[in-house]
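Report on one structure; see the data block that follows.
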Amino acid sequence: MFYKELIDCNCDRNQKNVERNSFGIYIRLLYCFFSVASLIGFSCIANGSKGIFYLLFSFCPSFVYLYLFKKKIKKRIKFSHIVEMILYGAILSIVFAGFLEYIFSLLCLYFCHTCFLKNVKEPYSIVCSIMMLLYFFLGVAYVEEFSKICPIFFINANSIVNENEYTELPIIENHNFKNDIAYEDNENNNKFNKFKYIYVDNKFEYIFFSLCSSAGFSSTENLVYFTLTSEQNVLTIIILRNIICVLLHMSCSGIVSYNIINNRSNENRKGMMQSILSILKPLFLSSLFHAIYDYSIYYSSLNIPEYQISFFKALFMYSFLSMIFIFFVIIKGIV
């Protein structure tokens, strides 16, 4: 009797999920259409007749990188899910990051005015440099890494988290499963699963979808930079950003998503605060190297002695190569 009760309950829930998912498909299609139209419209308005050219060169290299990673996945993945994750990163993550960076810059308005406009006396220049690194870490790198990783909310990774767990069913026939504490806990843990429509079976698939979001984010960022760059330097900026910046963004997101799924698999989290910390802690390493990367680029562009420029260029290459190395070591260990 209890078995039949459970089956009937699951059937009703599945029927509701089907109806909810059908509505969700239309919402996602509408979002994709709006996102593509927004990207095309922005590029054409900002760049005129070269808008489509800039848009293609902003996104095509990211697609190549994703294709190379996709070849490592044996399971067939829906192309629509890949496109959706790219567009989540291209629009939602960009808007969210821009909003947070704007709020953070308002909170640090006096500091930004003082340090970035060079209104600093010589004895305080070292202190200002340290504060600027902290600003790049919290106000730029941490914000961007968090924004890029937000779309993984739509990924259902329960099969990875619970791969080493099992539930032993009781033999007693009159045991009321629905009143079981474990059953109730499972219901509470799954209340957000109705929004998680992308299912993954292993860590590499989970990382791949985070790379899709990061690729969309970095591609839109490329488009903005191309728009703001003069025509004389645009080709150089296109090549450098597509080779270096896109790979850095994807490597950082790959490391973050790997740490997140590892934390979920190894920790028994209880409460909202522990769940939030399990997301924020994995961001630290990637955000630190990302901040050093931005910090070195900024200082290399200033009117400073040649030996200092050489130092910051070396720091730039160190942060970039470190992220690439750590990421590929992780991928090698998984694959």
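Including glycine, each Cβ sits where the backbone N, Cα and C put it.
Features as listed in TrEMBL:
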type	residues	note
TRANSMEM	25-46	transmembrane segment
TRANSMEM	52-69	transmembrane segment
TRANSMEM	81-104	transmembrane segment
TRANSMEM	124-143	transmembrane segment
TRANSMEM	206-228	transmembrane segment
TRANSMEM	234-258	transmembrane segment
TRANSMEM	279-299	transmembrane segment
TRANSMEM	311-331	transmembrane segment
Long-range environment of the transmembrane segment (25-46) - Cβ separation under 8 angstroms, sequence gap at least 6: 52, 54-55, 58, 83-84, 87, 90-91, 220, 223, 227
Leading contact stretch, 52-69, 124-143, 206-228, 311-331 vs the transmembrane segment (234-258) - CB distance under 8 Å: 206-228
Result, the transmembrane segment (206-228) in contact with the transmembrane segment (52-69) (3+ CB pairs under 8 Å): yes
For the transmembrane segment (206-228), distant same-chain residues with Cβ under 8 A (at least six beyond the ends): 39, 42-43, 46-47, 54-55, 57-59, 62-63, 65-66, 69-70, 73, 77, 81-82, 85-91, 93-94, 97, 144, 147-152, 155, 157, 160, 198, 200, 234, 237-238, 241-242, 245-246, 249-250, 252-254, 256-258, 261, 330-331, 334
